[in-house]
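Trainee: Grabbed the feature section from TrEMBL, which reads as follows:
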ACT_SITE  E272  active site
DOMAIN    42-497  domain 'Aldehyde dehydrogenase'
Amino acid sequence: MTTTDTPTTPAAGTLGGELRDAALAALSRIGAEVPAAGDGGLPVVSPLTGEALLTVPEAGRAEVDAAISAAAEAFRTWRSVPGPVRGGVVRRLGELLTEHKADLAELVTIEAGKITSEALGEVQEMIDVCDYAVGLSRSLGGRTMPSERPGHRLMEQWHPLGVVGVVSAFNFPVAVWSWNTAVALVCGDTVVWKPSEKTPLSALASNALLRRALVEAGFPEAVSTVVLGAREAGEALVADRQVALLSATGSERMGQQVAPVVAGRGGRYLLELGGNNAAVVAPSADLDLAVRGIVFAAAGTAGQRCTSLRRLIVHSSVVDDLVGRLRSVYAGLPVGDPRADGTLVGPLTDAGARARMLAALEEARADGGTVVVGGEAVDVDGAPGAAYVSPALVRMPAQTDVVRRETFAPILYVLTYDTLEEAIELHNDVPQGLSSAIFTLDVREAETFLSEVGSDCGIVNVNIGTSGAEIGGAFGGEKSTGGGRESGSDSWKQYMRRVTNTVNYSTELPLAQGVNFG
Ligand code: NAD
């Protein structure tokens, strides 16, 4: 950060002062300590006003190294704790999250700018994943396969992996950590978390709850540690050979930097990167339902979800009708303080994000696009340093470069098609492959979109939008989205190492493949 864009500190009695008091009160109810920052430190900037509410200490390489070494030491005991006992700690975390749901959601709103309902939903997702992981703690298991040799047993076991490093993005400041951590803990791993530099308080609060659960059960706190800092702290985690799995969530750019470093040291990585998600709207679509799904996915979270809907591929026979309906809804979307009742669109994370949105709209216009509605800066009382915008709907003549990039803001580009093949071609012709949807009542179209010749994404939906996944399924995407899968299904396998065992309980020593050796 340069001196020219150093955020100002709010005075008492202003909106920023009120946010600072609210954040400190929530942290105190949770029982999270905010260590005093010395010189420098990390400013905690709220997107609600653009001001620095507090400063927290920033971990240097030595602190990151110490956290990793402590986690490696804690792993030596944690790995041998019975799975269901580890599950008990995660169950307790879920209880504490339930107790402090409103407190943690308030911090998420203050740091990430989410409207209250979405912030509560994010904490609920943490509670849900704890439930899921508790179930896993009694059901993780390997297979037994038929051996080709008599008197032999061929089987596999899954063992804890080691230290899991988690690097997370600002827009899901707590849920992404819980997807990784709840599952990693029941798998017997320990965790070092480098949250986004934009959301340190939510991270301190979440980890304080987990540490309370650990201490109550008599386990070392170092099973889970937070290191606060920006990219340099993340780089230290990425480079460390003691980190067996590096799970990184963020931009495609970040993933491209992280992957070669982890691969180069022989580590494992799990990448959850940017998306450029599209929905196809077919002639048979229920347009009332489609409009609701589209608006939540495109304008919800101010377009700042990895699964936000960014492209709409609409059949030419319904495009004018659909765009007309969307225009009316977009024109009435309440933009403003995310804590206020009725607000549906909160702020962008910072002025840089707004500048990138406005620049993308300029580029779209230069490419022949027409902004149908929105796409303007919005002033909010008491928050002149914040970056509020009205969500934009843009008709495009073609899928140009700007459409093929992820702009992390509420821009929905509308393209048209005439055949389903053409729609799928447009759909897949982007670098990213995270989430997708089709709105149709035609079973042939729906099944084609779900099939191997349809969407190339990790998430493919029918008659719902692209965002708002449940934790029971595996979450993640293909191509430049990184290929990782987190949360449900069998994602847990990435947090463990598979061991294949052959046991001979016969008196002979037959060799596999019929080999005769003397
Ligand atoms: P970002 O890439 O700027 O930062 C993400 C995290 O990576 C931060 O903690 C940052 O400090 C760290 N980081 C950045 N460069 C690093 C490096 N070279 N080495 C180690 N750590 C590094 O992303 P952001 O702006 O915080 O979040 C928005 C992006 O995240 C969007 O692209 C969004 O699509 C993506 N995202 C993806 C998912 C998913 O599950 N696929 C979920 C949430 C967000």
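Glycine too: its Cβ is placed from the backbone N, Cα and C atoms.
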Trainee: If one looks at the chain holding E272 (active site), which residues at least 6 apart in sequence have a CB under 8 angstroms from its CB?
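Mentor: Within the chain, E272 (active site) has Cβ neighbours under 8 Å at V176, S247, A248, T249, G250, C306, F475, G476, G477, T481, G482, G484, E486.
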Trainee: Report the mean pLDDT of the predicted model across the domain 'Aldehyde dehydrogenase' (42-497), rounded to a whole number.
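Mentor: Summing pLDDT over the domain 'Aldehyde dehydrogenase' (42-497) and dividing by its length gives 98.
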Trainee: Kindly assign the residue listed as 'active site' to one of the three DSSP-derived states: helix, strand or coil.
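Mentor: Where the residue listed as 'active site' sits, the three-state DSSP reduction gives strand.
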